[in-house]
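Some features that TrEMBL has for this protein:
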type	residues	note
TRANSMEM	12-30	transmembrane segment
TRANSMEM	42-62	transmembrane segment
TRANSMEM	83-107	transmembrane segment
TRANSMEM	113-131	transmembrane segment
TRANSMEM	138-157	transmembrane segment
TRANSMEM	163-184	transmembrane segment
TRANSMEM	287-310	transmembrane segment
TRANSMEM	322-339	transmembrane segment
TRANSMEM	351-370	transmembrane segment
TRANSMEM	382-402	transmembrane segment
TRANSMEM	414-433	transmembrane segment
TRANSMEM	439-457	transmembrane segment
Amino acid sequence: MKKASTNIIYNAVYQLLIIVLPFVTTPYVARVLGKEALGINSYVNSIPVFLSFIILMGMNQVGVRVIAQSTKENLEENFKKLWGLQLLSGLIVIISYIVVVCLFMSYKFYFLIEIPFLIGYVLDISWFYIGRGQVKTVVMRNTIIKLTLVATIFIFVHSEQDLWIYLLINSITYLANFVFWLGIKTEIPQFKFGRIHFSKQYLKESITVTIPSVAAQFYTSFDQTIIGLLAGSVQLTYYAQTQTMARAVVQLLGSVTIVLMPIMAKMDSEEADENQIQNLLKVSLDYTLILGLLFTSALMVNANKFIVWFFGSRYQAMTDNFFWVSLLVVIIPYGGIYANQFALSKGMYRIVAIPYLVGAVFSLIGNFVFAGRFGANGGTTIIVLTELLVCGMRIWLVRGHLDFKFLWHEHWKYWLIFGLTLLIGLHIPINLGSLFFDLVVQTIIVGLLFVILLIGLNTRVRQDLMRLKKG
C-alpha cells in the first residue's frame, strides 16, 4: 500500500500540473489566436482525438489489467500480444485517415499536421508501466512533454496566422512517447524485438472495451465536430473552451482511479476479501464526491468573473456555459469509480460498455437536434444530461454487486453541504477592484465554508482528521 500511496501522490501532482498549465497557456492562446482560430483548432483536433482511442484498442483498461496480473514468466509474451493489437490498429487508422483527409476534408493542411499525433499513440505504451505500478515513469515523461509544449507555444505562436504552428506543436510532442521504449529492457530484461504476437482472446477483450471508449468519444470529442459543423467555429469555441477547466479537474480526481484500478484487479485475481475491496471503494467514492463537490461549487461561484479574467471580455457570452458545465467535475469522476475502478477491475466489460453506448446515441441525437438551433448553449445542455445519464447507468448496472447502503453512507451530507455552499457563495458580494483578487477571496471563502460544514456535520472528514491527529 505504501507504493500505491506514492503512486497516487505522483499522479496527483501531475494532474495538478495539468490544471495549472491551462491557466498559463489558455489566456494567451485565447487572446492571440482569437475565437475563430480557436474554433478551427477544436474542430480539427476533435477527429484525431476520436481516432486515438481506436488506436489504443482499450490498452489503458485491458492492457493495464493484464500486465498487472502477469507473472515474470509470461510478461513479455502478454506485452507483445497487447501491443501487436495496438500497432495493427494504428496502421489501419493512420492510412485510412490520410486517404479520407486528402479526398474529402476541408482544412486538409491542418488535418495532415495531426499525423505525428496519431503516430505518437501507436508508440504509447504508458499502460504497460501503469500496470507494473511504475506510475512515476509515466508522470515524469508526461511532465517533461507538457512543460516543453508550454514553452514552445509562447516562443512560436504570436498571431492568428500561427494556428498551424500551434497545431504542429501539439501534434509533434506526442512523438515523445518513444521514450517509454527506452526503458522496456529494464522491466523485461529478456525482451527482444521480434515477431509480434496476436491473441484472439485479447483482441476480443480489447474490442469489447474499445467500443465503449470510442462511444464515449462521441460525446467528449466528436461532439465538437458536430457543433463545429452545425453552429460554426465561434460557438464551438464557447462550447469547447468552457470545458477546459472542468475536464482538467476531472483528470485530477480520476488520478486515484488510474492507480487503484490495477491494485483492485490484482486483489480480485488473488481472491482478496470482498470487504477489503468494498472498503477501498468506499474511501475512493467518499473523497471523490467531497472533492468533486468542492471544486464544482468553487467553479460555479466564480463563473462570471473567471471567464472575463481568464479568457478576456470578448468571451463573456460563454459564462452560462461555464457555470453549468462545472457539474461535470463531480458527475464524471463519481460515475467513473463504479465503471473504471470496480467493474473494469473485475472484467465486467459489458457493464462498462452499455452506459457509453447509450450516452453516445443520446449525445448524437441531442446535438443534431439542439446544436444547430441553440449553438453552444444547446451543446452544453446535452453534454451535462449525457454525463448524468451515463453516471446513473453505471451505478444501476452494478447494483447487484455492491452494498449501496454502506457505500452511500453520509453522501446526503456532502450534497447538502454543496447546496448550502453554492447558495451562500453566490450571494456574497466580493468587489475588491481586481478580478484576480476577487476570485482568490471568493475561492477561499467557498473552501472554508465547505470545510467548516464538513466538520460541523460530523462527516468522515472530521473523523479521519482526528485519527491523523492521534497518529
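Positions of Cβ are set from backbone N, Cα and C atoms, glycine also.
A contact between the transmembrane segment (414-433) and the transmembrane segment (163-184) is absent, since fewer than 3 of their C-beta pairs, 6 or more residues apart, lie under 8 Å. In this chain, the transmembrane segment (138-157) lies in contact with the transmembrane segment (12-30); the count of Cβ pairs under 8 Å, excluding pairs fewer than 6 apart in sequence, is at least 3. The transmembrane segment (322-339) and the transmembrane segment (439-457) are not in contact, since fewer than 3 Cβ pairs between them lie under 8 Å (pairs 6 or more apart in sequence).
Among 42-62, 138-157, 287-310, 382-402, 42-62 has the largest number of CB pairs under 8 A with the transmembrane segment (113-131). Of the recorded ranges 42-62, 83-107, 287-310, 382-402, the transmembrane segment (351-370) has the largest number of C-beta contacts under 8 angstroms with 382-402. Residues 23, 26-27, 30, 245-246, 249, 253, 256, 316, 318-320, 322-323, 326-327, 329-331, 333-334, 337, 411, 414-415, 417-418, 421-422, 425-426, 435-436, 438-439, 442-443, 446-447, 450, 454, 459, 461 of the same chain, all 6+ positions outside the transmembrane segment (287-310), place their C-beta atoms under 8 angstroms from a C-beta of that stretch.
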